[in-house]
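Visitor: Okay, handing you the structure first.
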C-alpha cells in the first residue's frame, strides 16, 4: 500500500460521522439548522513547526488552533476539513496519532479533505478548515466590546512561552511543555461565555496585541491593569513577556460590570470610550517601540483577521 | 504596503457577502437552514500548475474545480475559504484578477481564509474549501446509480486535452485553450439535474475511470457505448484519449430509462446489475493494461474521493 493509500485508510477510521459519508462520496454533507462559523488556518514547516518536531504535536496544534477560533465564537465543532501534504511514512503515522487524540479529546468530527504528495524538496504546508455551530446568534465578535464593561481573560498567560523555553533547554517535562506543544482550545468555556459577553476573541498573538485589536475593532480603548494579569510562575520576573509572546489560546472577553464570568477567569481591566490610543497599560499608552505581541508580517495572516 | 497587506486589501474588495463580515472578524458566519455540502482541494505548483502559467488561470481553476464538486452535488455555492501562499507581487496581482473573474462569473462568495508567506524556495501550494447549498436533500451521490437506468454525460469529452495540446504546441487560441485553462463548473446544470438523477459525479479524472468509480460505489456495472460518447473534434482519431485524459469537469449521471435529461447531455450507456467487472466498454471488460483515466497516486487524492 502506498503512503497515500495508507494515510487515506487511516483517515477513514477517523472520519466516522454521518457528514463524512465514510469518505466514499465526492464531498461531505453537513446538516445545519442555523448559523455556522467557518475558519481556516495554514501551518508551514519551518515557520509554524520545526522539521524535527513530533508530527503528533503538529496535528494537535493544527486542529487546536482552529478550534480555538471556534471557541472564541462560542461554537461547538461540527466539521473539520483537512488539506494534507504527505510526509514520509513515519511522519504520516505520527500525524494520524496526534490527529486521533485531538479529534477525540474535543469531539471534533473530521468530515473530509484532500491530500497531495510532497512537491520535490520544499517545505510542507498543512491547511485546516473548521466549521462550528455557535451557541448564540449572531456569534460573539471582537467588535462588541462596549465602554463601561470590564475586561477578562481565562487561564494563565505565558504558559506556552514557558513550555517553549523548556523544550529549547532540553527539558521535556510533559506538564511544562504541553501548553506549547498541545494547546487546549477552550470550547466549553466559549460556549458558556457566548450568551453573556460583549466582545470575545482568542489570545493567539499575545494578550496586549490582541487587546489592542479588540479595542480597534470595537472603537473603544481597553485599559489593562498589568498587575492583575495572571502570568506563569516561570515568568515571574518577565511578566511583560508573558503578556506578549502569544500562543496561549486563552479567551479574552468583556462583561457588563455587574456580571462575573461563568468560567474560571480574571478581571484585568476596563473598557473606556475611545481615547487618543486604543490600549492603555496601567493608565499609560504603550511605548511606541514596545512589541505588544507576535506580528504576522512575513509569516501568516488570516483573511479573517485572527490567526 | 507589504505584498501580504496588499493581497489582503484586495481580498477585502472581493469578500463582500454578509458572511465574510468584511474580513474584520475572527471567522466567517454562514446563515444555513438545511444541509450544506463541503469540499476541499489543494493545488501544488509543478503538479497542478506550471511555474510559468498565468496566475489568473490558476485562481480560476482552483475555484472552478471545487465548484465542479459542488455542481455534482446539485449545489449553489454559498461560501469559499481560501488558503493562500503568497507569491511575488505580480503573481499575486494576476491571481486576484482571476479570482475576481471566477467569483463573479459563478456568483460564488469568498467568505474568509488564511495567507502565509512562501516558505523559502519550495513550490507553493494553494487550498480552497467550498461550501454549497444543495437543491435536494440528501444531495445526489455517486452511489445512487441503479440497474436499469441509463448513463448520461454533459458536453464534449477531451476538450481539456485538446486545449492542453494546443498550449503545448504554442497555440494560444483562447477558444481552444479555455476548456483547459478555465474550465466551467456546471452549477446550473447540476441544480437542474439533482431532483431527477440517480447517481451523479463530475468527470475530473477521465470518463471511463470515473464511470468505473460510480459503478463500484453503487454496486452496479456501467456499460458504456464508446461510439455514443461525444469527443472533441481535434481528437477524432484518438477518441479513447478523450474519454480517459480527464480535466473536463462534465457531469456524469444516471436517469430512469423513461426520462430525458433536463439539460444538454448525451446518453452513453446503461446501468446493469453488478457483473464480473464494474465497467464494460462496448460490451467487453477493459484490457487490464488500459489506463482508464488520470490516477492520483503520487499527485493528489481527495479524502472525499473526487479530485
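These residue numbers are counts, starting from 1, taken along the chain as shown.
For all residues, glycine too, the Cβ spot is worked out from N, Cα and C.
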Visitor: Let me know which member of A:54, A:57, A:69 TrEMBL also records as binding Mg(2+) 4 at the site of A:26, A:39.
Guide: A:69
Visitor: Between the Cα atoms of residue A:41 (Mg(2+) 1 binding site) and residue A:69 (Mg(2+) 4 binding site), find the distance and write it as a whole number of Å.
Guide: 10
Visitor: What subset of the binding-site residues A:26, A:48, A:113, A:114, A:247 lies within 10 angstroms of residue A:205 (Mg(2+) 5 binding site) at the C-alpha level?
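Guide: Of A:26, A:48, A:113, A:114, A:247, within range: A:247.
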Visitor: What is the one among the binding-site residues A:26, A:205 whose Cβ has the most other Cβ atoms less than or equal to 10 Å away?
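Guide: Sorting the candidates by Cβ neighbours within 10 Å, the top entry is A:26.
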Visitor: Tally every other Cβ atom lying within 10 Å of the Cβ atom of residue A:39 (Mg(2+) 4 binding site).
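Guide: Excluding its own Cβ, residue A:39 (Mg(2+) 4 binding site) sees 28 Cβ atoms within 10 Å.
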Visitor: Would you kindly determine which binding-site residues in the set A:26, A:39, A:113, A:142, A:205, A:247 have their Cβ under 8 angstroms from any Cβ of chain B, listing them in sequence order or replying 'none'?
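Guide: Only A:26, A:39, A:113, A:142 pass the 8 Å Cβ test.
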Visitor: Please report how many Å separate the Cα atom of residue A:26 (Mg(2+) 4 binding site) from that of residue A:204 (ATP binding site), as a whole number.
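Guide: About 34 Å separate the Cα atoms of these two residues.
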Visitor: By DSSP, what is the split of the domain 'PurM-like N-terminal' (A:25-133) into helix, strand and coil residues?
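Guide: Across the domain 'PurM-like N-terminal' (A:25-133), DSSP assigns the residues as follows: 36 helix, 43 strand, 30 coil.
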Visitor: Of the binding-site residues listed here (A:39, A:48, A:69, A:142), which is spatially closest to residue A:202 (Mg(2+) 3 binding site) when Cα positions are compared?
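Guide: Considering only the listed binding-site residues, the nearest one is A:69.
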